[in-house]
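A.B. asks: I am attaching a structure below and will ask some questions about it afterwards.
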There are 2 protein chains.
Amino acid sequence: MEDKVSVGLLGVGVVGSGVISLIEKHQEKIAHQLGCHVHVKSALIRDPNKSRHVEADLDGTVFTTNADDVLNDPEIEVVVEVMGGIEEARESILKAFASKKHVVTANKDLVALYGAELHEAAERNKCDFYYEASVAGGIPILRGITDGFASDHIEQLMGIVNGTTNYILTKMHNEGVSYEDALKEAQELGFAEADPAADVDGLDAARKMAILCRLAFSTYIDLEDVEVTGINGIDLADLQYGDNLGFIMKLIGFAKFDDKQVEVNVQPAFISKQHPLADVKNEYNAVYVYGEAVGEAMFYGAGAGSMPTAAAVISDVVTVIKNMHRGVTGSQVVEPRFKKELKTEDQRFGQYYVRFHVKDEVGVFSRISSLFNQFHISFKQILQNPSKNPDTAEIVVITHQASLDKIHQALEALNNLGEVLNIRSFYKVEGDAEV
Amino acid sequence: MEDKVSVGLLGVGVVGSGVISLIEKHQEKIAHQLGCHVHVKSALIRDPNKSRHVEADLDGTVFTTNADDVLNDPEIEVVVEVMGGIEEARESILKAFASKKHVVTANKDLVALYGAELHEAAERNKCDFYYEASVAGGIPILRGITDGFASDHIEQLMGIVNGTTNYILTKMHNEGVSYEDALKEAQELGFAEADPAADVDGLDAARKMAILCRLAFSTYIDLEDVEVTGINGIDLADLQYGDNLGFIMKLIGFAKFDDKQVEVNVQPAFISKQHPLADVKNEYNAVYVYGEAVGEAMFYGAGAGSMPTAAAVISDVVTVIKNMHRGVTGSQVVEPRFKKELKTEDQRFGQYYVRFHVKDEVGVFSRISSLFNQFHISFKQILQNPSKNPDTAEIVVITHQASLDKIHQALEALNNLGEVLNIRSFYKVEGDAEV
């Protein structure tokens, strides 16, 4: 066994700095488990003049602006990719595999888009490829799913896997501030980027759900299979109605697998206050897993940040080095068990929240109710409030379980009804007792 | 690679029946991961006439009342011990290791008492020894700690690791029923044993905390190192005061590690409603982990039950068989890194809840307050209620952080004060912002 394993780092930004600091700081614990030291031999940086927050005695780490200094160094056995972005990262990782280097990455964009290609390249070169940090930062959810649920059938996943949107929605719910104000505060506190699109549009969460689905259901889900709706423009009024009815709005990554068919989407949804996910506040993340045998389980923690993400990266590095020492690298890849088959709308069931305005006339509600009945949809909860305009009424309903195609048909018919002025909002409802 | 791996089962009770059912039911998923089938070849039963709930086509499993039929069978490579109890289970496992069989157990009593001996025997025989199911049933917490936190320093653990007591306390809190009534209902629903002592006295939780501590802190904690107080006789009045002050009572397994010193105990404690553990209700379990890098994380799920526990057992079996195929069995044991050193009372800090009765006289509270000040203890919250007796008052205080020895000294002095009639209760407070 070697005295020391050399790691090459691609990217010394927020996560990369954390990786260097933490490898130094927890060197003794790591060495105790591995029987050898771990050393960041070289690190790729973009701008040599930029100052970095590395809390470590750097012990001779060489900084370079040329990726080949890392990728062609025969002493480097493990490459840690934390540079972000797609094309350059992908090429670097493929180069690393071609040179028989193992790879650990935190890059969810890349794994979501090119996971199959990268896994295939890893397998071909008998290399390890791990990416625990790519989903829910410091929460060991990928191990939880692959190892902890190895004997179970995972039937459903629900994830709060984007800290920015959870922070914004928590703020709106708790303090009654508008979406715009909550976003602004999130940006000031560093929980949201100056350009928040990837977060608030749900794309970041969709990437994580694609990765989770593949591992949980053993079927290859592409990023474009994940239906996405963001939180942009959510009306505070809906949060308040939901609250009155016993629900909290969250951006939920939902995935279901039954009859070998998958449903996966990311959308703002109401979750029952009785459900464990309802208590996941602020920037925290959580993934709720429903296993046929285990039943309900939830993994909760910090979904981002330099140190939590770095800890996940280095735990993967520890796994890789253990595999190296045992001579079993490249053996973790398991081909998907199922061919991808996505559920159609008539196979997707759920409860729904609908808010709409009607003319305040005798018999309107009974006509609406019988319209829904035509589509075999009945109401579980109804709330009717007088509107500011004396001639109109605002109605909020929560339906019993119904198929998505029937809901869409009902909403279209509702919209065409003369007494209905507008349909203001429409959200899925999760975690209610009947689900 | 073999076509099939033969497993021997010791015990076909609640968990053993689940193991047989689940191996049959999820055979395809297991086979997909392993490239071979898993078969329960023989199973030790105590009473051949007892009926069993095995939902499986038994595929030729032989039931025997002689443990040697399992332990001496050369075809059996993995022994699953789910018979419970101590001495017979210990001997059987040692025999299994001596015959180079790998062992998976759900037996927390045994692992808490003889973990070191069993690990040593496993290592000597190059065998695997896994016991994920021994702590918090279906929640993959041991993997979470050893693999997921491999790069981090775990500084603190708090666990709700006993479903029976959590069910009772939830019932008392939500419905205002007495301890005795809640226990009775838990017994009727099967959440508590006819003899509930091991659960309500905290011993079951203590065993799990001993196991968790060893893995989290890499130091060998004996069961007797865990200080234990049960929930027996908890007064509903305290739950209600706690509720008013923003706290919920839980049986908390608490473990802390700093300066290479350990503190570990199980006791009913008040937990802030803001803390993720406060929302863990009914029979559910959760383990909250505080890592230096990761920060807060929590693992939540079913802590017991036939299927969740069986799922954890079989996930361990899958791990063992993967190791067998890779030729790396017996390599997971890592010697403890630290010699055991327990914190003394002056090194243990916390906030405390104290309820006591005093004579309702002028100046009493100021004398009590200055008494606490003498021990450098100040109050964070104070609640004073008139008592039924017009001459006495009931006082509830929550202190700021203080060392346990000072708290004990203060309570003794308080008890000796002429104006103090009695000290009714005294609980630790966890999860408050200042902790």
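Every residue, even glycine, has its Cβ placed from backbone N, Cα and C.
Straight from TrEMBL, here's the annotation block:
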BINDING   B:Leu10, B:Gly11, B:Val12, B:Gly13, B:Val14, B:Val15, B:Gly16, B:Ser17  NADP(+) binding site
BINDING   B:Lys108  NADPH binding site
BINDING   B:Glu193  L-homoserine binding site
ACT_SITE  B:Lys208  active site, proton donor
DOMAIN    B:353-428  domain 'ACT'
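Please go over these features one by one and say how buried each is and what sits next to it.
C.D. replies: The number of other Cβ atoms within 10 Å of the Cβ belonging to B:Val12 (NADP(+) binding site), over all protein chains shown, comes to 25. For the recorded site, B:Val12 (NADP(+) binding site), the DSSP three-state label reads coil.
All protein chains included, B:Lys108 (NADPH binding site) registers 23 other Cβ atoms within 10 Å of its own Cβ.
Spatially close to B:Glu193 (L-homoserine binding site) yet at least six residues away along the chain are B:Thr164, B:Gln187, B:Asp199, judged by Cβ distances under 8 angstroms.
Cβ neighbours within 10 Å of B:Lys208 (active site, proton donor), excluding its own Cβ and spanning all shown chains: 25.
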A.B. asks: Starting from the NADP(+) site formed by B:Leu10, B:Gly11, B:Val12, B:Gly13, B:Val14, B:Val15, B:Gly16, B:Ser17, give every other residue of that chain whose CB sits within 8 Å of the mean position of their CB atoms, in sequence order.
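C.D. replies: Near the NADP(+) site, the remaining chain residues are B:Leu9, B:Gly18, B:Val19, B:Val82, B:Met83.
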A.B. asks: Taking each of the binding-site residues B:Gly11, B:Gly13, B:Gly16 in turn and counting other Cβ atoms within 10 Å of its Cβ, which one has the fewest?
C.D. replies: B:Gly13
A.B. asks: According to DSSP, how is the domain 'ACT' (B:353-428) divided among helix, strand and coil residues?
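C.D. replies: With helix first, then strand, then coil, the domain 'ACT' (B:353-428) has 24 helix, 34 strand, 18 coil.
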A.B. asks: Tell me, which recorded positions from B:Leu10, B:Gly13, B:Val15, B:Ser17, B:Lys208 are within 10 Å of B:Lys108 (NADPH binding site) if we use the C-alpha atoms?
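C.D. replies: Near B:Lys108 (NADPH binding site) by Cα: B:Lys208.
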A.B. asks: Near the Cβ of B:Leu10 (NADP(+) binding site), how many other Cβ atoms are there if near means within 10 Å?
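C.D. replies: Around the Cβ of B:Leu10 (NADP(+) binding site), 26 other Cβ atoms lie within 10 Å.
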A.B. asks: Can you check which residues sit near B:Val15 (NADP(+) binding site), meaning Cβ under 8 Å from its Cβ, same chain, 6 or more apart in sequence, and list them in order?
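C.D. replies: B:Val15 (NADP(+) binding site) has long-range Cβ partners B:Val82, B:Ala106, B:Ala133, B:Ser306, B:Thr309, B:Ala310, B:Val313.
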A.B. asks: Return the count of C-beta atoms lying within 10 angstroms of the C-beta of B:Ser17 (NADP(+) binding site), excluding that atom itself.
C.D. replies: 22
